[in-house]
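**Student:** Here it is, the structure, as structure tokens.
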Amino acid sequence: MGNKIFLVLLVVGVPLSIIGSILHWPTILMFVVYCLTIIALASLMGRATESLAIVMGPRIGGLLNATFGNAVELIISIFSLKAGLLGVVLASLTGSVLGNLLLVAGLSFFVGGTKFKRQTFNVFDARHNAGLLIFAIGLAFVIPEVFTQNMSHNRTMSLSVGISIILIFLYLAALFFKLVTHRGVYQPTEKTKQVEHEEEVPEWSKKTAIAVLFGATLIVAYISEKLVHTFSIVGETFGWSELFIGVIIVAIVGNAAEHASAILMAYKNKMDVAVEIAVGSTLQVAMFVAPVLVLISLFFPINMPLIFTLPELIAMVTAVLLIIMISNDGESNWFEGLTLLAAYVIMGIGFYLL
Amino acid sequence: MGNKIFLVLLVVGVPLSIIGSILHWPTILMFVVYCLTIIALASLMGRATESLAIVMGPRIGGLLNATFGNAVELIISIFSLKAGLLGVVLASLTGSVLGNLLLVAGLSFFVGGTKFKRQTFNVFDARHNAGLLIFAIGLAFVIPEVFTQNMSHNRTMSLSVGISIILIFLYLAALFFKLVTHRGVYQPTEKTKQVEHEEEVPEWSKKTAIAVLFGATLIVAYISEKLVHTFSIVGETFGWSELFIGVIIVAIVGNAAEHASAILMAYKNKMDVAVEIAVGSTLQVAMFVAPVLVLISLFFPINMPLIFTLPELIAMVTAVLLIIMISNDGESNWFEGLTLLAAYVIMGIGFYLL
Amino acid sequence: MGNKIFLVLLVVGVPLSIIGSILHWPTILMFVVYCLTIIALASLMGRATESLAIVMGPRIGGLLNATFGNAVELIISIFSLKAGLLGVVLASLTGSVLGNLLLVAGLSFFVGGTKFKRQTFNVFDARHNAGLLIFAIGLAFVIPEVFTQNMSHNRTMSLSVGISIILIFLYLAALFFKLVTHRGVYQPTEKTKQVEHEEEVPEWSKKTAIAVLFGATLIVAYISEKLVHTFSIVGETFGWSELFIGVIIVAIVGNAAEHASAILMAYKNKMDVAVEIAVGSTLQVAMFVAPVLVLISLFFPINMPLIFTLPELIAMVTAVLLIIMISNDGESNWFEGLTLLAAYVIMGIGFYLL
């Protein structure tokens, strides 16, 4: 089955990636090796997360997944920040948001929808997430763009730092809300779900799953860093701009873990987990990864303000409006998935031609 | 009754339109004759559509209506495109969107609301349409506006063509979704509706209705073309800009068919059909007529990019947000209709003064 | 209890405010005295409104509250208009909108949410208000901004006047809708509510409550005017710009009445009244106070167009989208309140640094 193919890819890909990076094999070849290996590792992480999700419930499972997907991204971005590549960092943040909201959610809805006519997920979570998407991307990212048009660099950084602190604070408050004060308050009334879960047997024990998750994350981080250094040559070879690589390529490869496991969950009709991965991961990027990077940049020679380019910002805002309109009823089908994918293709063409 | 008045208008108007256009009667007089005749023809088309809607169900009826309304528009736009009048084409597309979303839906809600306290329509369709409105107008029309600000003409056309192909593809996928894979899936549970329909007797047979529909469409197309050529003189006489004529006058007269039958349906409390006409027609303009015109323009000396002026774009986006906010609950009343009409008047004043 | 503290503040604050203003005591001292006295008066108005709300039902109570809160604002703005301070007037309108939507609603949701896990309010009213917020702020305020970029002053004023008349007309129509044609049509089905109200005993009789409300309004108006004249010196002392004072300080002090009574209502789990105060007051500012000021300015030497600065407009539009996303389900909790407050703080920092 699919798992065996991924296992072969893994057993072959990880050593090849390490040997090839040390022996400086041709860049385009290594680019392909890295990408395939990361996708195989993502499959492994998906299986580990699934085991954990069964043991610990869909919400914690989804959070774990989002965390492990974005740990990689945070590490890559810190290296880029250190090198002063602010544009690449902001582009890959944009790409993560678009990739999660349009590509991951789109594929989940579409693939799940080819098997099931109507799939449902927790409508309370969908609305909670919709509010936070509007807050983080529709307000906290938009305000500095408009307010700093005639502002000095110092004041721009003050506003960016202020907004970053508020974003992180509200992100932590949201975790407190979901896991402590309102844990289980907004559960759907049907009990079918719990029965479903009780019947399932996790593939791995909790310990094994966690060990696999950590191990795979480390290897993904190692390979991702190597991958990033192939981008400039790949870009030259194929005629891709830095913005396009940041927004599209980094998003697809860097979020492969989320992609794989979200789609897997959708195919198994566990839409709560699939949506939590796609939207939860977006919120983590917007409310945690992005502001943390702004704060970390204060320790580097070049500070990063929370100011995206106008195309990046408009792409994110319209993606947020689209996903909210589509997911706000707590239902999905193949056509809603196709709509999100069509939006992703439009943005892809746009960033390619920019 | 009303039907008799329209019949007289028709029997007098059609010959007068033809004779007057051949004998070159005064332009302002002919402008009035053309408008009244088209409105009378629209009434005829409305009755034919209603007969068909009873025979074939509200959804197909609504689609038919939208199709026949926009066939006229497509033909006029192709002639304008051939003459290189890109601004008029884009303005009349804008006018169709605004006219359908604000004027047709507004009049339907208002007129229906004066008779019924609360009117309901299929909330699943409303949400499905809301997603597509955001996709087509809030995203596919907005992205090229922002992304092409510093782009060469060739790349602007590439982006326009790419987005146009995606829009047409998704429009066809939406038809496949509604008519094949999910036909009848999102029906309200009440059976009252079907009972209602069974009781109704269509005015004309299916054959007669189709014949009337085709015949009237041909005559409307003929007169519409004549009407367009009166616009420049009417504009000079009344001090109206080309933009205002395109956005407001073309929209009202060119969409008179939808106006008449949507309002008729609303008055008969068939809100499903009324909303399908207003919003379905908007989606057909945005996802089919507009992108097809972009592709057709490739065969003409002057290519048309999918770039509206900023006032046109903002007017359409705000109209989309308003109709979504008002229709998303599957209910309407006279005040919601009045709100839409007030928005239309604001846009009208704006385009008049622009 | 709290009432006693406010009573002391009142008995001391009102005479001090009058004496201090006549004897020209130090400005910063008087600024503090005025603020505290207004807040004490607001508490009194809150109690009177609550008594009236019990007697006359939550909706009329909420309307009354919004009216008395904005009467003060209207008076101050007319004086500012007369002095030609258009920027301050528009800034304080913006501040009222932001203060009501983010600060008042945010505090209500947060404070109410610390006591109750989930609070509910009439979802029909929430949707009705959402439509009007999009109409007034997302459309009627946005259109002139975009359409007048290359427009002459005369045409800009024509558009502003036209939109103002439509806004006032629709505001009156909304009152007619709520109080006449659809009074009680959109009531939740549960009867618990009415039982709850019947059990409550108003603190004051209808006559006393009205007398207190009128008296307090007059004193608030008197002190507010004195307060405004301290702003320039306070601004110089603390380094606050006129925009910041208009948007933030005027909003907090000028709307203290709404703040106090909305939060009081939320704490008593009367969310219908709390939301009616916050959103109803916003709508009154946007659909009545703002357009009336545009029309009144026609009689003054300097006419005021309905054109906000871009930061003001974007702040209002994003605030509207956020409150709609959060309130559209007819439910609130402490985290939703915190989200609104976080948005208010972001705007506060933005306007401070602008």
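We count from 1, first residue shown onward.
Including glycine, each Cβ sits where the backbone N, Cα and C put it.
Curation plays no part in TrEMBL annotations; they are all automatic predictions.
Residues or ranges marked as domain 'Sodium/calcium exchanger membrane region' by TrEMBL: C:28-179, C:209-347. The transmembrane segment annotation in TrEMBL covers C:5-22, C:28-48, C:60-79, C:85-110, C:130-147, C:159-177, C:208-224, C:244-265, C:277-300, C:306-327, C:334-353.
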**Student:** Please spell out the DSSP helix, strand and coil residue counts for the domain 'Sodium/calcium exchanger membrane region' (C:209-347).
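**Tutor:** Final tally across the stretch: 116 helix, 2 strand, 21 coil.
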**Student:** State the non-local partners of the transmembrane segment (C:85-110) in its own chain: residues 6+ outside its ends, Cβ under 8 Å from one of its Cβ atoms.
**Tutor:** 70, 73, 76-77, 119, 137, 242-243, 245-252, 254-255, 258-259, 262-263, 265-266, 271, 274-275, 277-279, 281-282, 285-286, 289-290, 293, 297, 302, 304, 307-309, 312, 315-316, 319-320, 322-323, 326-327, 332-334, 336-341, 343-344, 347
**Student:** Give residue numbers and ranges for long-range contacts of the transmembrane segment (C:334-353): same chain, 6 or more residues beyond its ends, CB-CB under 8 A.
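**Tutor:** Cβ under 8 Å, 6 or more out: 98-99, 101-103, 105-114, 240-241, 243-244, 247-248, 311, 315, 318-319, 322-323, 326.
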**Student:** Considering only Cβ pairs within less than 8 angstroms, which of the stretches C:5-22, C:28-48, C:130-147, C:277-300 has the most against the transmembrane segment (C:306-327)?
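**Tutor:** Selected stretch: C:130-147, with the most Cβ pairs under 8 Å.
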**Student:** Where among C:5-22, C:130-147, C:277-300 do we find the most Cβ pairs under 8 Å to the transmembrane segment (C:208-224)?
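**Tutor:** Looking only at C:5-22, C:130-147, C:277-300, the most contacts with the transmembrane segment (C:208-224) come from C:5-22.
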**Student:** Quickly jot the same-chain residues contacting the transmembrane segment (C:277-300) by Cβ under 8 Å, restricted to those at least six beyond its ends, or write none.
**Tutor:** 62-63, 65-67, 69-70, 73-74, 77-78, 81-82, 84, 86, 89, 93, 96-97, 100-101, 104-105, 108, 126, 129, 132-133, 136-137, 140-141, 160-161, 163-165, 167-168, 170-171, 174, 255, 258, 261-262, 265, 306, 323, 327
**Student:** Do any residues of this chain, six or more beyond the ends of the transmembrane segment (C:5-22), have a C-beta under 8 angstroms from a C-beta of it, and if so which?
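**Tutor:** Beyond its ends, the transmembrane segment (C:5-22) has Cβ neighbours at 29-30, 33-34, 36-37, 39-41, 43-44, 219, 222-223, 226.
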